[in-house]
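Heads up, here are the entries from Swiss-Prot:
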type	residues	note
BINDING	Arg65, Tyr207, Lys213, Arg333	substrate binding site
MOD_RES	Lys87	N6-acetyllysine
BINDING	Lys213, His232, Asp269	Mn(2+) binding site
BINDING	Lys213, His232, 248-256, Glu297, Arg333, 449-450, Thr455	ATP binding site
MOD_RES	Lys523	N6-acetyllysine
Amino acid sequence: MRVNNGLTPQELEAYGISDVHDIVYNPSYDLLYQEELDPSLTGYERGVLTNLGAVAVDTGIFTGRSPKDKYIVRDDTTRDTFWWADKGKGKNDNKPLSPETWQHLKGLVTRQLSGKRLFVVDAFCGANPDTRLSVRFITEVAWQAHFVKNMFIRPSDEELAGFKPDFIVMNGAKCTNPQWKEQGLNSENFVAFNLTERMQLIGGTWYGGEMKKGMFSMMNYLLPLKGIASMHCSANVGEKGDVAVFFGLSGTGKTTLSTDPKRRLIGDDEHGWDDDGVFNFEGGCYAKTIKLSKEAEPEIYNAIRRDALLENVTVREDGTIDFDDGSKTENTRVSYPIYHIDNIVKPVSKAGHATKVIFLTADAFGVLPPVSRLTADQTQYHFLSGFTAKLAGTERGITEPTPTFSACFGAAFLSLHPTQYAEVLVKRMQAAGAQAYLVNTGWNGTGKRISIKDTRAIIDAILNGSLDNAETFTLPMFNLAIPTELPGVDTKILDPRNTYASPEQWQEKAETLAKLFIDNFDKYTDTPAGTALVAAGPKL
């Protein structure tokens, strides 16, 4: 057992955690495996062994993030830089918290962790040493330590010896805030951040993704202020060093489409883009497993083995997993260290500048084409719009596809105004000569989802350049350039109008969607730059 390794109870006292006699510091995977399966554990702490060798855990009622319970301390550090929920036209989850309420929440979490046996994991967020965050995670739950060990970048022994945390994450999942009503908060649960103290507090929710996305929100604050793009995207690189990034909200295909046997994976969800190129923030992947099959997604299926951690899946008595069962949540997940995928960039998850930028959308209306090539203005317009259908279960209370607009394909994680991310991305794209594409992985007039097979063929055509050489026609109303044919893709589906019984049916739905786009983009028209982009959007 790697206990302490120089980490003392006195260091934890500096954070307000007292009477800690047993610190399990940066535990090995073997130790975590034993701890998670300890028969004396009860409730959500206890894991179950599956036939694939991975441990499965349940996260209770919190099977997704709780954006309504997210708060940021408003003080001199953040007052003039953060994109606040209570200011401006755009809606977001960055609700302000007073320093006094923060102290109260911190007291709740530190009391919860005091006197306990604690797991402490030191890890990096960001593959570039110049801009990475050194993060210390503190929890009393073994599988939560396992989750962050999977998802963040694991330091070498030398790096651990000199590790000085830039950020502290204290996970008090077992405690709640009984005074939430008097404090004007959303509920007894909380996910709170303090940029002055460089700390995140979690209370009431067991969902592991709060730690992952919490640090993403912090990178989204720190990097763009240095001129570095911070992106909710997956990324991979071809044999010739050509880099592609895939933007998209949860469930649109970021992980599936970037995990490609012909290309090496840089990462599946969070990246930066600086003067050297594209780099991963993470050391693992967090894949959706609902309806997972070995045939359709062999790389992800084969990554589910010892050291992977499954969340909220149904495990039968014999240890087999029913991946089709979404009764707990549609947002069933697995986290695994990135090296569980064979074809990855080594030893560091980074590569050169991106030349292909792909916006993934899952259009529940069945209006948008499976692929279109964007102009420079359309690139900014669709990046700021961030349209998709919210897919079942990534957030609590959402089970059917509903249309949503999420700025920069990740509004929930943005800490600055969306236009700041668009400006940085455009600068990086222009310098690299990158081209953007809009790819619909959602539905069409048949009422069925566009097949993974067709989407993969579309991605191949983008990456090998054949789409850029294809003849195109323009889809009315949305003004999108669509190829007339692509190798390996059913030509009938390229024009979405052809998938309907009559063109009028498409027209009717298209008008509905166009109006939603126009109404949503109104929030950007309070600046001249935003107003200038309106022409790149749909026209009624």
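Just so you know, glycine gets a Cβ as well, placed from its N, Cα and C.
Mind mapping these onto the model and telling me what they sit next to?
Reduced to three states, the DSSP call for Lys213 (substrate binding site) is helix. In sequence order, Arg65, Ala412, Phe413 are the residues near Lys213 (substrate binding site), counting only same-chain partners six or more apart with C-beta under 8 A.
In the structure as shown, the Cβ atom of Lys87 (N6-acetyllysine) sits within 10 Å of 12 other Cβ atoms.
Other Cβ atoms within 10 Å of the Cβ of Asp269 (Mn(2+) binding site), summed over all protein chains shown, number 27.
Note: Ile450 (ATP binding site) has non-local neighbours Pro370, Asn440, Thr441, Gly442, Trp443, Asn444, Ile493, i.e. same-chain residues 6+ apart with C-beta under 8 A of its own C-beta. Ile450 (ATP binding site) falls within neither a helix nor a strand when secondary structure is assigned with DSSP, and so counts as coil.
Secondary structure at Lys523 (N6-acetyllysine), as computed by DSSP, is helix. Residue environment of Lys523 (N6-acetyllysine) contains 16 other Cβ atoms, counted within 10 Å of its Cβ in all protein chains.
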Taking the recorded Mn(2+) site as Lys213, His232, Asp269, identify the other residues of that chain whose CB atom sits within 8 Å of the mean position of the site's CB atoms, giving them in sequence order.
Lys212, Phe216, Glu270, Gly410, Phe413
For each of the binding-site residues (Arg65, His232, Lys254, Arg333), count the other CB atoms lying within 10 A of its CB, then report the residue with the highest count.
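When each Cβ's neighbours within 10 Å are tallied, Lys254 leads.
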Going by DSSP, is Arg333 (substrate binding site) sitting in a helix, a strand, or coil?
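Assignment for Arg333 (substrate binding site) reads strand.
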How long is the line from the C-alpha of Thr252 (ATP binding site) to the C-alpha of Asp269 (Mn(2+) binding site), rounded to the nearest angstrom?
12
Measure from the CA atom of Asp269 (Mn(2+) binding site) to the CA atom of Lys87 (N6-acetyllysine) and give the result in Å, rounded to a whole number.
28
Given the recorded positions Tyr207, Gly248, Thr256, Arg333, Lys523, tell me which ones have a C-alpha lying within 10 Å of the C-alpha of His232 (Mn(2+) binding site).
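Correct set: Gly248.
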Return the residues near Thr256 (ATP binding site), defined as same-chain residues 6+ apart in sequence whose C-beta is under 8 angstroms from its C-beta, sorted by sequence, else 'none'.
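Result: Ala287, Glu297, Ile300, Ile452.
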If you pair up every Cα among Arg65, Tyr207, Lys213, Arg333, the residues annotated as binding substrate, what's the maximum separation in angstrom, rounded to an integer?
14
